[in-house]
Amino acid sequence: MPAKFLSKSIWTNIVIYVTFIVVILTFVFKFKYLFTGETLSGWDTPGHVVLAKEFAILFEKGLGIGWSDIWFGGFPVFYFYPPFYYFLVYIIHLIFSISIESAFGISIFFTICLLGFSIYTIGNHFFWKRFPLNIRLLLGISSILFYFNYAGEGLQGTSIVGIVEGTVISSFTHGLFLLGIVYLDQFRLKQKLNSLVLFIGTTSLVFYSHLLSSIFYSFVLFTYFIIYRKFWLKHIKELFLSFVFVLIFISPVLFHFFKYAEYASSVFYGYSYPPILSILSRDVYDQALKASQFGENITVAFLIELLRSGRWIYLLIIILMTFHMRSLLNFVRSRFLTTVFMVFFWLSLDYSFGYIIPNIKIHNYRAFDCFFIVFSILMPLVIVHSVRTQKKFLPLLPILISIVFIQFYLFIHFDPIKYQEYKSPIWKEARSDDELYLYDRLLSKLKELPKDTIIQPEIIKSKSLFGGPHFWIPLFYEAGIKNNLGLTVESSYYSTLVFNWESFGFSHTFRWGTEIDLRENLLSLKKENEVGYFLNFLTRSGVNYLMGFSPEFTDFIKQSRVRLEIVATEGPFKIVKILQKQNNNFIKPIGLIHAETLNQNKEFGYQHFLKTSNLMQMYLMNLGYQTKIIRISRNNLDQLDLILPSLSSLILITDQNGLGEISWLKNLDQKGIPTFMLGETSLTRSADTTEENLSVFLNQLPKFMKGEEFFQPSHTFFEQKRSTNGIVLLDDAAKEYWIPYSKDKQKEMTVTLPELSGKLYLGFMIASFLLFLLGLVLTKIEYFSFSKAKM
């Protein structure tokens, strides 16, 4: 009998260990394409590869943040989307002497492994370590596969689907912050210094990797300290010092984000895939929906497909979780993660924080991904609780093995790329020969355009050509052309203006949901052909060409044939040059100052100015004038005498008509500077009167037949940029307007971004990484020292 029992135990362990090895090998086989070095398919992936290349350029200059000429026609990069992940890509590129594309593919596989390891580590730390190794492996495998079989929010989520679509950096950061919690709790249990070192290093890297995920990490830490407050109140000194060090290490991230956040565009996605349907698999619902179109009952079809597909196990876990919620909250080991589970479930449904904290309005589906990671970690514990309540009828080991086999079956049949309907995860393999030829021809045509060309692409939410709307990014990058747009990450506020002006004749294009919406006000002032307004905006902002391929784009060209000249045609694609409007009255730039700048010493805010000036541009265009509107800020008041000769006039925005304002304007009139006082609310409430008054005022100003001298090279305005031989002002297109100290040195004027902040940023980021490595080394030294002493 003992021999038989021993034999059975050995065979059980063999099955478990072989299963573990097979699962690991399946991961390698399933994602082997990541090691091919080929360009990957994906929604946002092409843009991230370009950003990785831009970071490589900066890193080789010793910078962590800096300027990119290709991003939004020229924009600061990594101020609002930290670059640690791109740093890892560069390290892989450097160590293995491979291309950035190859390194990026390997980094994706590393992220999958890191996230799987983190899920296992935190589950083992809080729940599983008291079980034998074979049971721990089963619990860990089931937890990891449970998460990786989840379709997530498609291209928006951070599951396997999201990882291959381009949200890999979020998943990488999730892996880091799960480890950060483990290191922090290890200090609670053992009070070892190396655990705090690892926690400080890991927490710093979370902030250098992904800011939105770092906000979620902060929520998790807050919950952790509430749950374990008794211990940490006794160790408040260690806790305080840890956070002081964290704040020191991440100070460049926080400083640059909060100081310059107004220059980035906030984004809001109003639609996300229904969470429960996402958990139960989109495939199940999609199949049921198709069946309902042929007369079947959708509920019955859904239940049948749920049972047939094996996804019933997810529904079972949801039900069991509901029954065991109270015991999970009462159980000391699971109380913390169960509370986190509930917090993220709430955040995934409640949008409130998106309105309170700027730039995190995309938190809902990301919060749900965090919820599902914790759900996956708790899932094995729910199984164990359920088995123990019915231990006479439910043997633990066979049930765990069965669950692992079901999850493994689902994982083998789970195809993450099908949700975006790619033929292959490799970009070239997903393209037909005709498409590849067309791509090469487009590349050739773009290279023929003049140097420093800025081109506005037609972005439509379609996969009909080259697999997605972001194929423009690598195409323009390879051609050496400046892209007028980019990804939502590191999004310029200028893109918000583009989307608003696209309402005039270009509204078929895909517009991600920026929170600033002027369309209603702009459209209410429309008087002439819609197309002209958008084209005038583009020329003011330095855009030379448009490029598109849809039937709507062809119609757009026909509507504005006087303003657009086709310079190249290749397949459905057309490249058109934007021409200046004929018979336009060009005037020198108009200065715009707000009364609060004079009376209350308040700054005429960046976004406030752009809203006001773009509404004013509608009036100017309706009256047949073309010019730039320049902000006069509080810092420019001392330089006003140098600025005024470059302006045609100055307009004061106010709603008070105070004596001080009138006196200030009269003083300028005496100097020969035409001035005008305009009520801010009159721009939207008294359109006819405002237009009439502006017409009288503008008629007094000198006109020119051509305005090229007033439309300078296009550079995005950014407060940190400086010039030693001139003044840099903000115009109505969120671009720079240069005024040299000497008129004859206009062409010699240079505007640069100081490198010191970029060097400090890189230094602090590398220091955080080295601290993390030091913590790992200290942990290993302690482990081996302990093992040697024990022997």
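In case you wondered, yes, glycine gets a Cβ from its N, Cα and C as well.
What TrEMBL lists as transmembrane segment is 12-31 (among others).
Summarising the annotation, TrEMBL assigns transmembrane segment to 78-96 (among others).
Within the chain, the transmembrane segment (103-127) has long-range Cβ neighbours (under 8 A, six or more residues past its boundaries) at 27, 31, 33-38, 40, 45, 48-49, 52, 85, 88-90, 92-93, 96, 136, 139-140, 143-144, 147-148, 160, 163-164, 168, 171-172, 174-176, 178-179, 181-182, 185-186, 333-334, 336-337, 373, 376-377, 380-381. Marked as transmembrane segment by TrEMBL: 103-127 (among others).
For 133-151 (among others), the entry in TrEMBL reads transmembrane segment.
Feature annotation from TrEMBL assigns transmembrane segment to 163-184 (among others).
If you look up TrEMBL, you'll see 196-227 (among others) marked as transmembrane segment. Away from its own ends, the transmembrane segment (196-227) comes close to residues 80-85, 169-170, 172-174, 176-177, 179-181, 183-187, 238-239, 242, 245-246, 249-250, 253-254, 257, 335-336, 339-340, 343-344, 347, 357, 359-360, 362-363, 366-367, 370, 765, 768-769, 771-776, 778-779 of its chain (Cβ-Cβ under 8 Å, at least six residues beyond either end).
If you look up TrEMBL, you'll see 239-258 (among others) marked as transmembrane segment. Among residues of the same chain six or more beyond the transmembrane segment (239-258), those with a C-beta under 8 A of the stretch's C-beta atoms are 64-65, 79-80, 82, 196, 199-200, 203-204, 207-208, 211, 225, 232, 757, 760-761, 764-765, 767-768, 771.
Sequence annotations record features per position, and here TrEMBL assigns transmembrane segment to 312-329 (among others).
Sequence annotations record features per position, and here TrEMBL assigns transmembrane segment to 336-357 (among others).
Marked as transmembrane segment by TrEMBL: 363-384 (among others).
According to TrEMBL, the feature transmembrane segment maps to 396-414 (among others).
Among the features that TrEMBL reports, transmembrane segment is placed at 760-781 (among others).
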* To do: Give me the stretch from 78-96, 133-151, 163-184, 396-414 with the greatest number of Cβ pairs under 8 Å to the transmembrane segment (12-31).
  => 396-414
* Asked: Of the stretches 78-96, 133-151, 163-184, which racks up the most C-beta pairs under 8 Å with the transmembrane segment (396-414)?
  -> 133-151
* **Close approaches to the transmembrane segment (133-151) from elsewhere in its chain (Cβ under 8 angstroms; 6 or more beyond its ends)** => 12-13, 16-17, 19-20, 23, 112, 115-116, 119-120, 123-124, 127, 157, 159-161, 273, 278-279, 281-283, 314, 317, 372-373, 375-377, 379-380, 383-384, 396-397, 400-401, 403-404, 407-408, 410-411, 414, 416, 419
